[in-house]
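A.B. asks: The feature region 'Disordered' is assigned by TrEMBL to 1-32. TrEMBL lists 1-263 with the feature domain 'Major facilitator superfamily (MFS) profile'. Sequence annotations record features per position, and here TrEMBL assigns transmembrane segment to 109-130, 142-159, 171-189, 209-231, 238-259.
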Amino acid sequence: MVTGNPSISIRDRATKDPRRHQSTVSVNNLLGNHGGKPNVEFADLIDASNAARAVKHPFRNLLKRRNRPQLVKGALGIPAFQQRTGMNSILFYAPAIFQSFGFGNGASLYSSLITSSILVLAILVSMYLVDRLGRRFFFLEASAQMILSMVVVVIILALKFSHGVVLAKGYAVTLVIAICTFVAAYGWSWGPLGWLVPSELFPLEMRSAGQSVVVCVNLFFTAAVVQFFLVSLCHLKYGIFILFGGLILTMATFIFFLLPETKQVPIEDVYLLFQKHPIWRKVTYSR
């Protein structure tokens, strides 16, 4: 059920390997060139594979100046921001959050089930539309939607929620809708794209090193945010949602100014986007 990867197929076949011809035919079939004649994309894959084999220290290569966009955006920025939305904290502690809003035990569990189902459906939406609308569109649209959801939550909690007071049914339902809207936005943006976009940014010669850093950064911030969420909720109360909204605004600004669109761009040519980018061109390639 796992499809082949043209870059990996070429990389795993040495030049003098007798199976190279079979690999060449297979890769051309993956590229849609069933005639078996090499095309431009196939030639690019060959060049990228040769460059990858020449790299002996991928982690050291990741730190080079020309790879700074991939390091900042793909390895550090996106996986860290993915967790700073507060999404995992909301999912983990959904029953406790809804209980604090005045829901009973059963309703809190049902609300958690609803948010998880919405998350799955939103991911399916992203899978279907991401190559049509683009990565930046989903990042920016979802960031706006998540911020608006947090604004609704903050306003209701600030005006209508206090110690020992149960929210009226209308306000409670509005809070659930706002949180579900937040979950849906995350589900078709930062959730799946937080893994997709970094995998598209790294060239073949440092892809394994880059993805290793992505996973480490993601897990670190997952543990940090979940560890401090309940403490922050107790001390900041509705202010924790203001904090998440501010972080999401920062993330949206980060995406708007620093992330080029990678839709339908071959992975081997992504570095060209950074060479043409008005900011990364000055930071990385200017002397």
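Glycine is no exception: its Cβ is also placed from the backbone N, Cα and C atoms.
Note that TrEMBL annotation is computational and uncurated.
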A.B. asks: Given a Cβ distance threshold of under 8 angstroms, which distant residues of the chain, six or more beyond its ends, lie next to the transmembrane segment (171-189)?
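C.D. replies: Residues 85, 87, 90-91, 97-98, 101-103, 111, 114-115, 118-123, 125-126, 129-130, 138-139, 141-143, 145-146, 148-150, 152-153, 156-157, 160 contact the transmembrane segment (171-189) from elsewhere in the chain.
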A.B. asks: What stretch, picked from 109-130, 142-159, 209-231, has the most CB pairs under 8 A with the transmembrane segment (238-259)?
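C.D. replies: Answer is 142-159, with the largest number of Cβ pairs below 8 Å.
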